[in-house]
Every structure is written in C-alpha cells, then in structure tokens.
Amino acid sequence: MVAEDTAGSGDRSDGEKEMDQKASEDAERQEDGDVAMAATAAESPSGEDEARDPRKWKWSVIFLCFYGFMSSIKPGEPFITPYLLSPEKNFTREQVTNEITPVLTYSYMAVLVPAFLLTDLLRYKPVLIIQGVSQVIIWIILLLGGTLLQMQFMEFFYGITMACRVAYSSYIFSLVNPVLYQRVAGYSRSSVLLGVFTSSILGQLCMSLGNITFYTLNSISLGFVSFGLLLSLCLPWPKRSLFFNRTNQEEKELVEVATKSELDKMNPKDGGPSFAAPPCPASTWKDSVFMQMLLEVRNVLKRPNLRLWSLWWVFNSTGYYLVLFYVHILWNKVYPATENKNVYNGGVEAASTLLSAIASFTAGFVKIRWNIWSELVIGIITAVQAGLLLLMRTTDDIWVCYVCYVLFRSFYQFLVPIATFQIASSLTKELCALVFGINTFFGTVLKTIISLIFTDKRGLALDVHSQFLVYFFYFTLLTVVYFACAAVVICRHYRNERRGGVTRDQPTPTELSPVVTNKELETLSNGKSA
C-alpha cells in the first residue's frame, strides 16, 4: 500500500511539491466547505428549531432513548432455544438446528434492503412500528404455537425485527443538528446496551431465583414488547430523511457533493481536486442523490484502507453471527438442562454484553499506525477467535463454553468501533450510510449461502458440533489470508524505508474516539444480543 501511494512522487522538485501541497489543502478546504454547506442546508430548519427551543429536541432524544431501552427488555429471549427443546414445546435438536433457525438468516436477507429503503422513504417511524408489531407476533407464536411451521414463521418475523433495527440506528440523527450527532449516537447506543444487559439479568434472576417456567417468562416478555409497541406509536415523525425526503434545492446541492469523488478528495492530484463527471440528464432517477451515492461507492472502495475494513466487516461479521445463531444449541448439547434453574444463558449474555461494551470503549484509546498494522491486528484477533471456536467445539465443560463465548464476542466488539472509524472518517454522511448498508447486505448474503450449504436440511444438515468445526476452519482461512496480506504490507513498508523511497509522510498514530455503531445491538431470536 505504501509503495502504491508513493509511486511516481520521487522525481518532482521541492517547489512543485510545496505548490501541490498548498493546492491540495485549498481543494480539501473547499470540498469540506461544500459538504458542510450541503449538510447545513439539509438540516438548517432543524437547527433553527433547536436554537428557538433546545428543550424540544432534548426531550425527543430522551424519549427515543427510553424507547430503545424498553424495546430491548425481553427477559425470555436468552432462553428461547431451551424453551423450544424443553418438554413444553418438545422440538428435537435437529429440528431447531436444521429447520427452524436457518429461516432467520433467509428472512433477514430478504427484508434487509426493503427495510433500508423504506426507513428513509417513510421517515423512520412506520418502520419502528412494523418492528414493534413483529416482536409482538413473535412472542404470541412462542406462547401459542406448537408446530414446526409456526416456529419457522416466528423466525421469519425475527428476521423482520432485525432488519428494522436500522430505523432506530438512524432515527436519532433526524432529531438534532449535525454537530450533536456523535453525542446523541452515544446516548442511543448506551440505552440499548443498558436495555440488553437489564433484560439478560432480569431473565436470569427470574429463572434462578423465581423458579418460574419458560412459558411464564415468555409471557412477561410479551408484556414488555407490547409496551414497546405503544411507545413506538408515540414517537415524533421527522420531516426529513437521508435520501428521499428533501427539498429540490437540498437534493440539487447534495447531488453536486455526491458527484465529487471521495477518492480524489483523499488523494488530490495535479494540484487540485478532481471531480467526477456530472450526471447525464437522461432520466430523473439517475440524477437522484441515492443513485449518485451508489455510483460513488465504487470509487470509494478503491482506497485500500476502506476496502480492507469493508471486507473485514463482510467476512468476520458473517462468522460472528453464525456463531451467535447456534451457540445456544451447542450449550444445550454440552449441558442438557434438566431443570429451569440450571440454565444460565441470561447471566452469560449479560456478562458478554458488559465485557463487549468495555472492549468497544477500550478501542477508542488505541494508538497505532493502522495503515501498516491493520492486517496484522485483524489476523491476530481472528486467530484467537478461531482457537476459541475450536475449544468450544471440543470441550465437555459448559463453563469453558461460556467463557469462550464471552471472549469471542468481546474480541469482535473490540474491532467494530475501529472498523467504523476507519470506514466513516473519510466519507460523507450519505456515503457512510450506503457503505455500511452494502457491507451488511453482502455479509447477510454470505451467511445465507453458508447456512444453506451446511445447516439447512436441504443441504448437508450438519449437527451443531460439526457446524462449529466448519466455523473454526472458516476463521482459520481468514487468519491465513490476513497474515499473508500483513506480511506483504509490512515487508513493502520496510523495504521502501530502507531504500529511502517513502516520500509520503506517514500519518501519526490514530487515536480513536468512541465511534457508535448500532448494527451490533441486534438481538437474535435464540437469545443472543449482539
């Protein structure tokens, strides 16, 4: 990467370099000003409202965070898999593994893109209402359903619930001025994490101390999700959204910003900014902000750093969520619970949520030259995760499984804010949303393919131990690829240093401020709260 970035710059005079540097800085200031002006134009009415009545947006944010907290409290969620395998439902482990759980992945993939588009088109609130209705249907099916088809429908609605979480992730940004985005995003993430932690602790206390049945616990969960649905009906309805709901002037300005290449913005050439060709006026939809952003993503992903972390997001998140989907089935096989009080899923989920939050917070203070060491850091963490999966697959001690699961989640959560920072720091708000959406979609497609081949009864229909062996080989393959890339990047860097050919000043170690990503707050149908 260093050699590519610096190629062709060694033959230029110092004066030309200084002139190019000044021109580049001026171009960057001008483009940054254009982006800021477009963002201000899009949000100026909101900013004026905040100036007149700051309490209005504060109460809106507080109410939305309260909604996020309450909608995350489902104390029966960590115990869904034991509930399905218990005498109350009496499904076999093979049915849960190979026929019920895979429907979640298929549903999520089918609904993700429509949910992403409808969130912006309908301005958030209707999608959150759909999410609340889906959760109520899930718990009604869990309580009243008893057939295999009904449980598959339950997983289908879980996929809808997961896909609709994008509405909550982006809703809060429509309530405040752009200067407050980082602060309010932290509030929304903290509220959901606190809700997940509270839900897991409450469920474990009910099972261990209250000695209640799975049915009663699920009835309590139905009450909480019904209250969450009522809260979603009371949410304010934003006037604007990211792509579709804009005035003509706002859209025109954002199209102009969108057509400017982010690649040229980060690496200006020939002393000035390079702009992409203006859109052809052949048709209206081609001139829309959304289509311009889609075209610009292709240029953005040419940057090695963005490409690396986007690929990490796709491939590592795929393995991560596959483990979360099936780990409760593994626990039940390692330690079949004969009594309700012997199930500790809620406590383990609470511990993993807390440690994941600590890992995410710690990542904000890591100082490292990511342009050199990214591949190596990712490779080491992926190798550790592969070892944890192998240990989970081979051990007969349930507590070893619990500890490995907590560590596995924490290592992934440690890299999430780093990946978010590396991807989002060089993108506009609109491009950032699209890049993360595309990464999530491709990761979901890959999960679907793996599930169809190895898990579904129409494929190999492997048992849960064999599946974890597949996941171990998957992470091992990723580790080999990351280490090979790290060796190439590091050798190239030091070879250029020895030759004195590094003409580009290396960036100083990056100190990450805690970066928010709500994607990881999804709660899964078999009790995992990611």
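Think of each number as a place in line: the chain as shown, counted from 1.
Including glycine, each Cβ sits where the backbone N, Cα and C put it.
As annotated by TrEMBL, compositional bias 'Basic and acidic residues' applies to 11-32.
Per TrEMBL, region 'Disordered' is recorded for 1-52.
Listed as Cβ neighbours of the transmembrane segment (61-85) (distance under 8 Å, sequence separation of 6 or more from its ends, same chain) are residues 91-93, 96, 100, 128, 131-132, 135, 139, 142, 151, 168, 171-172, 175-176, 184, 187-188, 190-192, 194-196, 198-200, 202-204, 206-207, 214-215, 217-218, 220-221, 224-225, 227-228, 231-232, 234-236, 328-329, 332, 337, 343, 345-346, 348-349, 521, 523, 525-529. What TrEMBL records for 61-85 (among others) is transmembrane segment.
Cβ atoms under 8 Å from those of the transmembrane segment (105-122) belong to residues 155-160, 162-164, 166-167, 170, 241-245, 325, 437, 440-441, 444-445, 447-448, 451 of the same chain, restricted to positions at least 6 beyond its ends. For 105-122 (among others), the entry in TrEMBL reads transmembrane segment.
A Cβ distance under 8 Å defines the sequence-distant neighbours of the transmembrane segment (129-150), meaning residues of its chain 6+ beyond its ends; these are 71, 74, 76, 80, 83, 89, 91, 95, 99-100, 157-158, 160-161, 164-165, 167-168, 215, 218-219, 221-222, 225-226, 228-229, 231-233, 525. Feature annotation from TrEMBL assigns transmembrane segment to 129-150 (among others).
The transmembrane segment annotation in TrEMBL covers 156-180 (among others).
Per TrEMBL, the feature transmembrane segment maps to 192-214 (among others). Remote same-chain residues near the transmembrane segment (192-214) are listed as 68-79, 82-83, 86, 88, 168, 220, 340-341, 343-347, 349-350, 353-354, 357, 518, 521, 523, 529 (criterion: CB distance under 8 Å, separation of at least six residues from the stretch ends).
Under the heading transmembrane segment, TrEMBL lists 220-237 (among others). If one looks beyond the transmembrane segment (220-237) by at least 6 residues along the same chain, the residues whose Cβ comes under 8 Å of a Cβ in the stretch are 60, 63-64, 66-67, 70-71, 73-77, 123-125, 128-129, 131-133, 135-136, 138-140, 143, 171, 175, 206.
What TrEMBL lists as transmembrane segment is 308-331 (among others).
The transmembrane segment annotation in TrEMBL covers 343-366 (among others).
What TrEMBL records for 373-392 (among others) is transmembrane segment.
The annotation transmembrane segment is assigned in TrEMBL to 398-419 (among others).
Sequence annotations record features per position, and here TrEMBL assigns transmembrane segment to 431-454 (among others).
Taken from TrEMBL, the feature transmembrane segment applies to 469-491 (among others). Remote same-chain residues near the transmembrane segment (469-491) are listed as 1-2, 308, 315-316, 319, 322-323, 372-373, 375-376, 378-379, 382-383, 385-386, 389-390, 393, 450, 454, 462 (criterion: CB distance under 8 Å, separation of at least six residues from the stretch ends).
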### Message
Which sequence-distant residues neighbour the transmembrane segment (373-392)? Criterion: at least 6 residues beyond either end, Cβ under 8 Å.
### Response
305, 308-309, 312, 316, 319, 323, 327, 330, 400-401, 404-405, 407-408, 411-412, 414-415, 422, 468, 471-472, 475-476, 478-479, 482-483, 485-486, 489-490
